[in-house]
Amino acid sequence: ARVPAVSVAHIERVREGRQSEGLRKHGAAFPERHCFTLAFKGRRKNLDLAARGEEDARHWVQGLTKLMGRLQAMSQMEKLDHWIHGVLQRADRNKDNKMSFREVKSMLRMLNIDMDDVYASKLFKVPTLYCTASCARCCHLLPQHRELTNSSHRSHPLPPRLEELFGRYSGEDRVLSAEELQDFLRDQGEDSSLRQARAIIRTYELNEKAKQQDLMMLDGFMMYLLSAAGDILNQEHTKVHQDMSQPLSHYFISSSHNTYLTRNQIGGTSSTEAYVRALRAGCRCVELDCWEGSDGEPVVYHGHTLTSKILFRDVIESIRDSAFEKSPYPVILSLENHCGLEQQATMARHMKAILGDRLLTQPLQGQDPHSLPSPEQLKEKILVKGKKLPELWQEPEGVTTLLDPEEEEEEEEEEEEEEKVQERSPRRVRDFPRDVVVGDHGTLAKDASQVSPELSALVVYCQAVPFPGLAQALRHPQPCQMSSFSERKARKLIKEAG
């Protein structure tokens with residue numbers, strides 16, 4: 001099937017090999033080194049591809065990666081040219097590399113330019129009948145484009161505040177000198193050296209003659225304000241700039257709920273790609289709802305619903321591959337465990353085998369037991385959050401029944417979800433008792449409220465416990481224990497505490 005054209009600007013990442021869920025499931029017929037995946041920004045689905053040979057695949061991956069880097073490094077002027085080229089390409093409906101009058105009118109609508117057809121036709125016919133759509137700069141060269149641009153400004157004037165601001169510093173001549181730009185920078189609390197002012201003019205001014213004289217016109221001033229340098233966000237703050245040496249509990253942690261879902265919580269699709277997207281978006285805590293699966297393999301899905309199931313093993317592999325692409329700081333796997341003892345042990349084996357040294361299985365050497373380690377100390381580490389056996393347990397079969405600390409939160413969430421679903425749809429999924437787990441073939445895992453020693457051993461700094469109350473927590477703080485409760489419960493606790 002013919003694949004629609006895609007813009008390199010929409011590609012977030014090129015993944016080599018069979019890393020995507022689609023290629024893992026359906027790409028076995030293609031050699032690993034022939035495969036690669038285009039992962040797009042936003043919610044667009046991946047594009048899985050297989051080249052004819054290993055060398056072809058390598059050329060595609062290297063070429064696309066280079067183009068993506070080139071896009072990121074573009075100047076403001078280059079971005080404008082790229083945008084113009086994109087508009088022209090979209091307007092050229094029949095792809096004949098020329099612009100008919102009908103296509104020009106379509107382009108004007110795309111640009112939100114309201115122009116009389118008669119006047120537009122007059123401009124279109126002078127000096128030539130067609131405009132070549134392949135040249136990104138052609139619109140700068142044609143006289144009618146300048147008129148179209150002026151008409152655009154008349155139809156869509158610049159914000160009054162911007163023109164007022166520019167006039168305040170430029171004076172009556174409506175041109176900013178380097179010294180006047182310096183005044184503006186000083187008032188904004190920016191680097192206000194004359195050297196910096198001249199550098200800004202050389203970078204963002206569009207008029208070459210003005211640039212040569214260290215002058216800035218209104219359009220150049222607007223280009224500067226629209227650039228990253230003019231952003232209200234300090235560009236130094238686009239990367240981690242805070243002190244990351246404090247205990248882990250001193251930070252807000254970007255967390256994901258029902259991470260595996262790509263759509264709704266009742267009948268949506270579960271996918272390992274959802275974990276990849278969450279981690280690449282900066283999420284540091286992902287949730288795995290683990291249930292009994294067939295053939296002894298635990299699965300992840302939203303229990304008691306019609307959502308699809310994915311293998312726990314596949315989820316862990318995806319997390320391994322994507323955990324530290326965007327951030328080196330620790331990732332927490334929040335396990336909501338509904339599996340029996342046997343499949344809990346399988347979960348532990350998969351995590352140890354797949355994650356290897358990245359999985360934290362012991363307290364850090366020399367770490368104060370009364371304090372949590374810092375994100376800096378836990379770089380490139382994956383932590384498991386879950387229930388843990390008491391240290392001196394003496395159950396005859398090596399297992400202990402524990403209360404689920406997330407039970408109350410989940411019940412409240414499910415009640416709210418069911419109320420919403422009941423309003424939207426007459427169809428309901430049959431409820432099952434919460435102390436019984438239903439496997440793929442109707443088998444019941446009655447020991448799901450117990451925790452296996454293998455899984456317990458992987459819980460080091462994130463032990464899930466029922467919340468003992470504010471008074472108890474303050475009197476006897478346990479830094480490695482954590483509790484989950486809904487916003488409703490949080491408000492209730494705050495109210496009770498006065």
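Just so you know, glycine gets a Cβ as well, placed from its N, Cα and C.
Per TrEMBL, the feature compositional bias 'Acidic residues' maps to 404-420.
The domain 'PH' annotation in TrEMBL covers 1-69. For the domain 'PH' (1-69), the mean pLDDT of the prediction comes to 90.
Feature annotation from TrEMBL assigns domain 'EF-hand' to 79-114.
The region 'Disordered' annotation in TrEMBL covers 395-428 (among others).
Per TrEMBL, region 'Disordered' is recorded for 476-498 (among others).
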Going by DSSP assignments with H, G and I as helix and E and B as strand, what are the residue counts for the region 'Disordered' (476-498)? 11 helix, 2 strand, 10 coil
Please spell out the DSSP helix, strand and coil residue counts for the domain 'PH' (1-69). 28 helix, 16 strand, 25 coil
